[in-house]
């Protein structure tokens with residue numbers, strides 16, 4: 001009697017692997033669009049979770065989700081898997097930055113017709129949908145056709161976005177010669193963009209086994225190669241590579257969950 005071994009369970013490719021496969025294909029290959037769409041679809045829960053952080057601030061959650069989805073598409077299109085940076089480490093700041101700019105730009109400075117405000121939201125939604133379908137930003141004519149409005153109405157609505165601002169930051173200062181308003185604004189500390197990510201990752205990293213914490217520290221803060229790490233901790237390079245992949249996968253899964261929790265099965269010590 002022959003006993004057949006059960007097939008080993010298959011592991012779904014990571015976003016990094018999907019986009020690496022995409023970039024390995026020549027321009028125009030039909031599978032590039034399929035891999036791109038799959039990467040977007042698998043990370044939509046992350047975009048929606050980030051959008052929910054800004055719920056209850058006067059903007060419909062549906063609009064926020066569309067803004068976050070459009071930012072996700074931008075992140076997928078611009079991500080370079082050769083840099084060996086986890087996709088979420090690149091996508092999260094991109095999405096959060098876009099959401100923050102959305103709130104900055106959607107506070108109407110003067111009253112405009114409600115129909116104009118509604119069409120503005122529809123333009124944002126349609127831009128995201130068409131960008132995902134076509135793999136590029138839609139033209140004004142394509143947007144007008146998709147929304148069943150005239151090109152003049154569409155362009156007038158886009159022009160009405162100037163009502164968001166009372167004055168340009170490039171307006172010259174009224175008393176100081178040679179100085180614009182923007183010169184009076186303090187610079188943006190780049191560390192602020194990483195605050196949300198650090199707060200999310202901190203408990204996840206703390207829950208990792210000591211060995212995995214050490215490997216991540218040497219790899220991403222010490223900029224050591226896998227071979228150097230292997231020699232330092234007494235493991236083979238292949239073992240270090242496997243531990244890195246498993247650890248990053250657990251962190252990515254945890255950070256994209258609705259509520260980030262420490263990766264399952266971790267302890268604080270490792271023999």
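Note: Cβ is positioned from N, Cα and C throughout, glycine not excepted.
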Worksheet item: For which of the residue intervals 1-27, 28-54 does TrEMBL record region 'Disordered'?
Response: 1-27
Worksheet item: Taking the domain 'RNA polymerase sigma-70 region 3' (118-171) alone, what is its mean pLDDT?
Response: 78
